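Student: Structure provided below as structure tokens; questions to follow.
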Amino acid sequence: MSRYGLQQLYINGAYVDSTGDDTFDAVNPANGEIIAQLQSATVADVDRAVIAAAAGQKIWAAMTAMERSRILRRAVDILRERNDELALLETHDTGKPLSETRTVDIVTGADVLEYYAGLIPMLEGQQIPLRDTSFAYTRREPLGVVAGIGAWNYPIQIALWKSAPALAAGNAMIFKPSEVTSLTALKLAEVYTEAGLPAGVFNVLTGTGQSVGQALTTHPGIAKVSFTGGIASGKTVMANAAGSTLKDVTMELGGKSPLIVFEDADLDKAADIAMMANFFSSGQVCTNGTRVFVPQALQTQFEEKILARVQRIRIGNPTDEAVNFGPLVSFPHRESVLRYIESGKREGARVLVGGEPMTDEKYAQGAFVAPTVFTDCRDDMKIVREEIFGPVMSILTYQNEDEVIRRANDSEYGLAAGVVTGDLNRAHRVIHQLEAGICWINTWGESPAEMPVGGYKHSGVGRENGITTLEHYTQIKSVQVELGEFRSVF
């Protein structure tokens, strides 16, 4: 028997068996251990989840704002009480260091849920005077049943980012986690039920995007889809959503984000920021600043500072709390990252450090890739143009501000961007010209609940977090009231 056994689907407030027989394995990428088997949902399971969600949503939406708020706040308390337990499960499933999952994944996810729980009472309409005898008012009403489709890099955090505003607005959600990292989403469903969420309001269906994801995005009973993943999959989701019932969509589709270091920057700070923007979570962060632009005159100094910091990375067993760099999420993903590294070598980028799989006995059983820094990179290189989603930094040099802005924007992506400079006038001037939805000045990577997150161009549609996201899980109903006589022209 595997560590976590056989995992069922979660529908209508309880674990239930799939109507099909297919299962798949959850694998710990640190050592290759099969830690669980998960049932694959079928189209019939999607149908029954939609039925359960529609029934539960009516109960949930009929509650007062304060009642819904109290239930979600209880869920926040439970998440925080179980932080360490959930963090260990996330570490086993993703390979992320325990030092990270204990302090980031559940903590920040719970923060988002607490934020939206507090906003529920502010979901209100307007009263609009028209004339002495007539006025109009608006109501913000929930969409109904919505779907969330998660990515594998932040499983429980993404499940909370998607479910928190949806539930706060009075909707029910059917969530499909990535088949690579599904375990904590099921635990989140347990937490919601324990907190008092009505049955059917949060359901979890495990399985592949080709089967479960396809069924969710085309189902006529679903009003909106929130998706995190790649561009190709996002286009399929959008086409399915439009071709079925004109569903609303929110999508975060990754990035190849520029980090611009200016000549007046504190180079130690710039190097620290570049390290966090490339190697946190083993480089598996959508917003990573993987195109690092430095003035040509400072290239050697900057490389020396990066090289010194790479030596301080603590690689190892992710359950060791001293470790801050674990394996990649899966063995197939490791092979993908290694192919990109070989591409960089072939195209003439110089390897400053790393560039190899980690095959020592200590790492041989896991999906480890050494932290890698390429320098002397060109804009046309594959490693510079495509999202690698691994611990690979590309250093590029530039001559002047106009040039670096133009090159930073030369990408199909537009998720994030950042500048490091001592001149705040320049910082704002440059940021205002960068084509990216999330920008940082003299920092990198923080995504607080209050701040909308999303991309320009092919990096996505819509936003997550912030007040605007809550509003987009509602629809506005306008009502006109006539207090006087009605006069017909007929």
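Sequential numbering from 1, following the chain as shown.
A Cβ is built for glycine as well, from the same backbone N, Cα and C atoms used for every other residue.
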Student: Report the candidate from G196, G200, G254 that shares the NAD(+) site with G150, A151, W152, K176, P177, S178, E179, G230, I231, A232, S233, C286, E387, as recorded in Swiss-Prot.
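Tutor: Checking G196, G200, G254 against Swiss-Prot: the NAD(+) site match is G254.
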Student: Can you tell which of the recorded positions W152, V180, S233, E252 lies nearest to G460 (K(+) 2 binding site) in space, using Cα positions?
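Tutor: Nearest in space to G460 (K(+) 2 binding site), counting only the recorded positions, is E252.
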Student: With Cβ-Cβ distance below 8 Å and at least 6 positions apart along the chain, what are the contacts of E252 (active site, proton acceptor)? List them in sequence order.
Tutor: F227, T228, C286, L415, V453, G454, G455, S459, G460, E464
Student: Taking the Cβ of V180 (K(+) 1 binding site) as the reference point, list residues of the same chain whose Cβ is under 8 angstroms away and which are at least six residues distant in sequence.
Tutor: W152, V329, S330, H333
Student: Just how many other Cβ atoms lie inside 10 Å of the Cβ on S233 (NAD(+) binding site)?
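Tutor: For S233 (NAD(+) binding site), the count of other Cβ atoms within 10 Å is 18.
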Student: DSSP three-state call for V180 (K(+) 1 binding site): helix, strand or coil?
Tutor: coil
Student: Please report how many Å separate the Cα atom of G150 (NAD(+) binding site) from that of K162 (active site, charge relay system), as a whole number.
Tutor: 8
Student: What's the CA-CA gap between K162 (active site, charge relay system) and P177 (NAD(+) binding site) in angstrom, rounded?
Tutor: 11
